[in-house]
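Taking it in order: structure first as structure tokens, then the write-up.
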Amino acid sequence: MSDLGASHPSGRSWDRPVKYGSSSGLSDCVLSSKSKTITVFIFILINVLNYMDRFTIAGVPENVKSYYKINDSKLGQLQTMFFVFYTILSPIAGYLGDRWKRKRIMQIGLSIWIIVTLASSFVPAHLFSLFLATRCFVGIGEASYSTLAPTILSDLFMGNARTKVLGLFYFAAPVGSGLGFIVGSEITRLTGSWQWSLRITPILGLLCIILLSVLHSDPPRGEAEGGSHMRTTSWWLDIKSLLSNQAFMFISCGYTCVCFVLGSLSWFAIDLIQSALNAINDDPSAWRNYNIPIVVGASTCLAGIFGVLSGAKLGRYLRRWVPAADAYVCSASLFICAPFLFFALVSPSWNFYVCIVLVFIVEFLLCITWALVTDMTMGVVIPTRRSTASALQMVMSHALGDAISPAIVGRIAVAFTDLHSLETQYLGLQRALFLTAFVCALGGFLFLMVTLYLVKAKNDVHRAIQASQHDMVAVISGQEIEVPATPSSIHSEVST
């Protein structure tokens, strides 16, 4: 935990409690309200499309497995390899995002994503390895946007306004995921070819690039908080400081658990329900009598909207009395989610509709954390390190979360499965997914640990920004760096 002391040259002490949710003493962003609204709209639209593309294949798992003649393990590799390359590029995007024009980086990344996604729809059935490679490059394209967009929004807004905007931004994630399930299924049904579902998002993606290029302007880093004059430091010092930031690390570890669970469920939920229906009816095509992708997709959309917005609302409401309310809300939602998740996994063999209700509850509880995680992360990291922090968090949450969870679950499922038995195909996948309930409970514990460090870390950041606005010295135990308001006016030791 960092030990901060800050003083003005006149001797005035800055070591006092900080009130959040107010911009008192801090500068307003130079961009107009209209420009900020346009940026939020564009980013939400791109985020919807981002998740829609990511889960289109998850909406047609049987079609993909049949076309490429693969099992659950190979199917899981598609998502895993996507996130592997997504994770590899995130630190690079974060490094560049703290030092270069973020708009240009996102334009390049989105262009790569569009081209490769369209190309992947033409890969023939005997070249599954090539199709796998295209999903890797899609991850490279998407990482550039996902790493930088939250940091730009954090530079435009602060306090409760930031929480609201991040809530709107992240509600696009479950909506996009649900639309991915629905679009994948319906386009396949209408065209008779699942590949056409991969040709819709590039068209919409081109529109997004045009909107981003014409209507969006990058704000100065930290502008909303008055930290736009803070100087960047070396990448190694940024990483070292972030790794020593206990609040940031526990937030990232808790979020990694959320990603592990969501990655597994998003990829295998439809497959699990289809397998259960096939086993109950002793018919490998019984699932075709149910609109499973549409029902699950609609459930995901609604659960995501209510979950993300409820989490943001709860955080804003409770932090008036409990400064670490965001972390408590995240912890409680995951602890409550764990038993519901267990029953959701066993319910497909009981009743299809009970299963859907339980899936809705699980997704609702998981999505409560999304906006709050980003809000907490931006609050405990100084403006000039936020892109790097976002990238490091993505590396952790994907490398140890949704990048590996589909492959792990797929391998465990195959180990328990007899391909000649419909019942073992269902039970094997069910047993593999039981792992997610334990990971969910672990996430609840990790967010509980965040409560021990959150308020102190936020105070440290606030004072570091105040220090950079005056001719004063701020000391936060860590490495000495220069964050001057003028070329040589301030020295700071910052570990946030």
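Cβ atoms here come from the backbone N, Cα and C positions, even for glycine.
TrEMBL: automatically predicted annotations, no manual curation.
Taken from TrEMBL, the feature transmembrane segment applies to 38-57, 77-96, 108-126, 132-153, 165-184, 196-215, 247-270, 290-309, 321-344, 350-373, 394-414, 434-455. According to TrEMBL, the domain 'Major facilitator superfamily (MFS) profile' annotation covers 39-456.
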Positions whose Cβ lies under 8 angstroms from the transmembrane segment (38-57), at least six residues beyond its ends: 31, 64, 78, 82, 110, 113, 117, 138, 142, 145-146, 149, 152-153, 156, 165, 168-170, 172-177, 179-181, 183-184, 197-198, 201, 204-205, 208, 211-212, 215-217, 266-267
Highest-contact recorded stretch vs the transmembrane segment (196-215), from 108-126, 165-184, 247-270, 350-373, CB pairs under 8 Å: 108-126
Cβ contacts the transmembrane segment (321-344)/the transmembrane segment (290-309), at least three under 8 Å, sequence gap 6 or more: no
Cβ-Cβ under 8 Å with the transmembrane segment (132-153): same-chain residues at least 6 beyond its ends: 39-40, 43, 46-47, 50, 53-54, 77-79, 81-90, 93-94, 97, 102, 105-106, 108-114, 116-117, 119-120, 123, 162, 165-166, 169, 218-219, 221, 374, 378, 386-387, 390-391, 394
The transmembrane segment (290-309) versus listed stretches 108-126, 247-270, 350-373, 394-414, 434-455: most Cβ pairs under 8 Å: 350-373
Tertiary contacts of the transmembrane segment (434-455), as residues 6+ beyond its ends and Cβ separation under 8 Å: 1, 246-247, 250-251, 253-258, 260-261, 264-265, 323-324, 326-328, 330-335, 337-339, 341-342, 345, 366, 369, 376, 379-380, 405, 408-409, 412
Spatial neighbours of the transmembrane segment (165-184) far in sequence, C-beta under 8 Å, 6+ residues away: 40, 43-45, 47-60, 149-150, 153-154, 156-157, 194, 197, 200, 266, 270, 293-294, 296-305, 307-309, 311-313, 363, 367, 370-371, 374-375
Cβ-Cβ under 8 Å with the transmembrane segment (350-373): same-chain residues at least 6 beyond its ends: 163, 166-167, 169-171, 173-174, 251, 254-255, 258, 261-262, 265, 269, 273, 276-277, 290, 295-296, 299-300, 302-304, 306-308, 310-312, 314-315, 326-327, 329-330, 333-334, 336-337, 340-341, 343-344, 440, 447
